[in-house]
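A.B. asks: Pasting a structure here, questions to come.
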């Protein structure tokens with residue numbers, strides 16, 4: 001028995017279930033008023049702000065390190081150049097990350113759970129576009145075909161949403177979700193560009209997330225004030241079920257999610273981990289049908305299938321490229 005595979009499968013299963021589960025909880029919280037349910041808290045900006053800021057928990061190690069250094073008058077426990085690099089990376093990433101996460105919650109509040117998750121999975125296609133521009137990657141007809149599959153799929157999903165719903169915000173929500181996926185693709189590409197290969201093992205991703213969370217907390221609180229006084233989203237503290245929903249989302253949909261995703265990628269490899277996540281799409285559609293009583297047209301199914309094909313084309317091409325790179329590296333040695 002390959003225990004690394006078993007552990008990796010457990011982590012990826014947690015990632016899939018937590019993604020769908022916490023998205024459903026937040027969706028029900030944001031739209032409870034429409035369903036005449038208790039616990040309504042239609043504050044996507046506040047939920048996004050708290051979620052991003054919660055990453056500050058990961059900075060506890062850094063705070064402890066500096067506290068020990070100050071108290072004991074020791075030299076830096078870890079390489080200060082690495083810590084500065086982590087802070088620099090977080091500074092370049094936090095704004096894109098914050099906007100992407102908040103647009104995701106805005107999308108959840110305006111369109112269906114399955115549409116939000118399906119559109120979120122198109123981020124890998126945008127990675128291809130940004131990689132051409134920022135990482136100088138070679139052009140690939142396979143990835144270009146994947147882009148067309150995803151573009152057609154997104155158009156069909158959005159058209160189906162608009163056609164089947166009396167809610168005029170659905171199409172707007174789909175557009176927001178697509179922009180969120182685009183920014184997530186930019187975030188992933190910048191992350192790959194900013195991490196030097198020679199320092200990949202010494203850099204702590206959790207330190208970066210901790211600093212990123214602190215930057216989001218300090219920088220974006222004025223947005224809450226602006227939204228409050230312009231009437232876009234009034235500031236109100238959550239109560240009752242809304243508090244439980246937000247806490248559950250922070251623990252399972254933010255902190256544990258990122259840890260399990262990192263562990264799954266290490267244990268299974270990036271290809272298998274990324275490919276496995278696509279199972280979140282049919283699960284989210286099943287959950288939508290069960291809890292939201294959503295019905296899907298043939299256009300929606302065809303569009304979803306096209307997006308999945310595009311996703312698998314990108315994953316497969318990346319895997320083949322990595323095998324070729326390893327073979328070339330082995331021959332050079």
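Cβ from N, Cα, C; glycine included.
So TrEMBL lists the following for this protein:
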- 9-26: transmembrane segment (TRANSMEM)
- 46-68: transmembrane segment (TRANSMEM)
- 89-105: transmembrane segment (TRANSMEM)
- 117-135: transmembrane segment (TRANSMEM)
- 142-159: transmembrane segment (TRANSMEM)
- 171-192: transmembrane segment (TRANSMEM)
- 204-230: transmembrane segment (TRANSMEM)
- 242-259: transmembrane segment (TRANSMEM)
- 266-286: transmembrane segment (TRANSMEM)
- 298-316: transmembrane segment (TRANSMEM)
A.B. asks: Cβ pairs under 8 Å only, please: of the recorded stretches 89-105, 142-159, 171-192, 266-286, 298-316, which one is richest in them relative to the transmembrane segment (9-26)?
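C.D. replies: Stretch with maximum Cβ contacts: 266-286.
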A.B. asks: The transmembrane segment (117-135): which same-chain residues, six or more beyond its ends, come within Cβ distance under 8 Å?
C.D. replies: 19-20, 23, 104, 107, 143, 146-147, 150, 153-154, 157, 174, 177-178, 180-182, 184-186, 188-190, 192-193, 274, 277-278, 280-281, 284, 303-304, 307, 310-311, 314-315
A.B. asks: Who are the chain neighbours of the transmembrane segment (142-159) in space, where the CB to CB distance is under 8 Å and they lie at least 6 residues beyond its ends?
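C.D. replies: Contacts of the transmembrane segment (142-159) (Cβ under 8 Å, skipping residues fewer than 6 from its ends): 115, 118-119, 122, 125, 128-129, 171, 174-175, 178, 299-300, 302-311, 313-314, 316-317.
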A.B. asks: Which residues of the chain, 6 or more past the ends of the transmembrane segment (171-192), have a CB below 8 A from one of its CBs?
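C.D. replies: Non-local partners: 89, 92-93, 96-97, 99-101, 103-104, 106-107, 109-111, 115-116, 119-127, 129-131, 134-135, 154, 157-158, 161-162.
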A.B. asks: Cβ under 8 Å to the transmembrane segment (204-230), counting only same-chain residues 6 or more beyond its ends: which ones?
C.D. replies: 45-46, 49, 52-62, 83, 86-87, 89-91, 93-95, 97-98, 258-259, 262
